[in-house]
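Asks: Dropping a structure here in structure tokens format, bear with me for questions.
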Amino acid sequence: MPPSGLRLLPLLLPLLWLLVLTPGRPAAGLSTCKTIDMELVKRKRIEAIRGQILSKLRLASPPSQGDVPPGPLPEAVLALYNSTRDRVAGESVEPEPEPEADYYAKEVTRVLMVESGNQIYDKFKGTPHSLYMLFNTSELREAVPEPVLLSRAELRLLRLKLKVEQHVELYQKYSNDSWRYLSNRLLAPSDSPEWLSFDVTGVVRQWLTRREAIEGFRLSAHCSCDSKDNTLHVEINGFNSGRRGDLATIHGMNRPFLLLMATPLERAQHLHSSRHRRALDTNYCFSSTEKNCCVRQLYIDFRKDLGWKWIHEPKGYHANFCLGPCPYIWSLDTQYSKVLALYNQHNPGASAAPCCVPQALEPLPIVYYVGRKPKVEQLSNMIVRSCKCS
């Protein structure tokens, strides 16, 4: 039996003759020679935003402003809006992972907390309002050699039975034995065990860049000013079990752990090259003359562009949009473009080349009136912060 390549040769000959005899010209279905009308693109983006805002607020049309009281917004409403805006701004400062790393499959690793009986916990004993979870960073670095490879990190805790409702807070071990607040959780009474999960991606990235041998978390009872009982009533698997033998081993395997999702180094070697692509975010795109896929600036003035007076804060915002060609391995000025043209002809519903689309989006807080009542809302995914080819 002839090799498979020889069996396919009769099928490939007509296509090869087509490539030789057809004059060299770009594939008609893939031409990008048309001039982009930027004003038309912006108008379409503005109209899309009009519908997006109304849809997110579940409004069929802009609300009437006939009953809106004159004068400035109430101080309490303005304070709520400002705090929401500041929180969103603070969250956007967090570094984004490399866009290229998102493409690769992620390897999942579990790193167990150092056993609670270890002597490194001695200085934390005698604190009934807190539990301490320490991790050996050498195990973290073995699983994730470089911070850029980390996609996500979760702290997982197995909560056992809880008789009373309790508000708990999670802290990160910081410099000089201080503790930095991370998040909180309200735990309801339950007769069955439950896994708790906290996103600690940013924290673990920090640990990977530092050289501390031991890092950790603290789970504490919420300290309320009007409560005299600050005891942590939550029982977490892996602490003071009192078990021996096989039961102790099983109990220890379910002690708190970090679940790490990271790109294996061998799958992402190009991330460490000095030639790796820049993140297509506002920091790069707004300060360059990039012609390919990038974030393009677009400021929406609610009154001027949408004819709206019902949104009282902000007066407008930078919506931005993604635009630009995505470089493709089969260039249009090569003979391979004819193969792509045939592919397009037989697969009209498929995309032969990647498109420039949003990657990171930010929310937009607004203040508007419903009748005489002011409302503060946060609209998700309203600001394009970075783009990618997909």
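The backbone N, Cα and C atoms fix where each Cβ goes, glycine too.
Pulled the feature table from Swiss-Prot, pasting it below:
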- C285-C294: disulfide bond (DISULFID)
- C293-C356: disulfide bond (DISULFID)
- C322-C387: disulfide bond (DISULFID)
- C326-C389: disulfide bond (DISULFID)
- N82: N-linked glycosylation site (CARBOHYD)
- N136: N-linked glycosylation site (CARBOHYD)
- N176: N-linked glycosylation site (CARBOHYD)
- 75-271: region 'Arm domain' (REGION)
- 1-29: signal peptide (SIGNAL)
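On this model, are these features tucked inside or out on the surface, and what's nearby?
Replies: The secondary structure of C285 (disulfide bond), as reduced to three states from DSSP, is helical. All protein chains shown were included, and the count of other CB atoms within 10 Å of the CB of C285 (disulfide bond) stands at 23.
Secondary structure from DSSP puts C356 (disulfide bond) in a beta strand.
Summarising the environment of C322 (disulfide bond), the number of other Cβ atoms within 10 Å of its Cβ, over all protein chains shown, is 21.
Mapped onto three states, the DSSP output places C326 (disulfide bond) in coil. C326 (disulfide bond) has a Cβ environment of 15 other Cβ atoms inside 10 Å.
According to DSSP, N82 (N-linked glycosylation site) sits within a helical segment. Neighbours of N82 (N-linked glycosylation site), defined as other CB atoms within 10 A of its CB across all chains, total 14.
Same-chain residues at least 6 positions away in sequence with a Cβ under 8 Å from that of N136 (N-linked glycosylation site) are, in sequence order, V111, V114, A213, I214.
In three-state terms derived from DSSP, N176 (N-linked glycosylation site) belongs to a helical segment. Contacts of N176 (N-linked glycosylation site) defined by a Cβ separation under 8 A and a same-chain sequence distance of 6+ are given as none.
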Asks: Please report the distance from the Cα of C356 (disulfide bond) to the Cα of C389 (disulfide bond), rounded to the nearest angstrom.
Replies: 5
Asks: Can you tell me which recorded positions out of N82, C294, C326 are within 10 A of C387 (disulfide bond) by Cα, answering none if there aren't any?
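Replies: Checking each Cα against C387 (disulfide bond), the hits are C294.
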Asks: List only the single closest residue to N82 (N-linked glycosylation site), chosen from the disulfide-bonded residues C293, C294, C326, C389 by CA-CA distance.
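Replies: Spatially nearest to N82 (N-linked glycosylation site) by Cα position is C294.
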Asks: What subset of the disulfide-bonded residues C285, C293, C294 lies within 10 angstroms of C389 (disulfide bond) at the C-alpha level?
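Replies: The disulfide-bonded residues close to C389 (disulfide bond) (Cα within 10 Å), listed in sequence order, are C293, C294.
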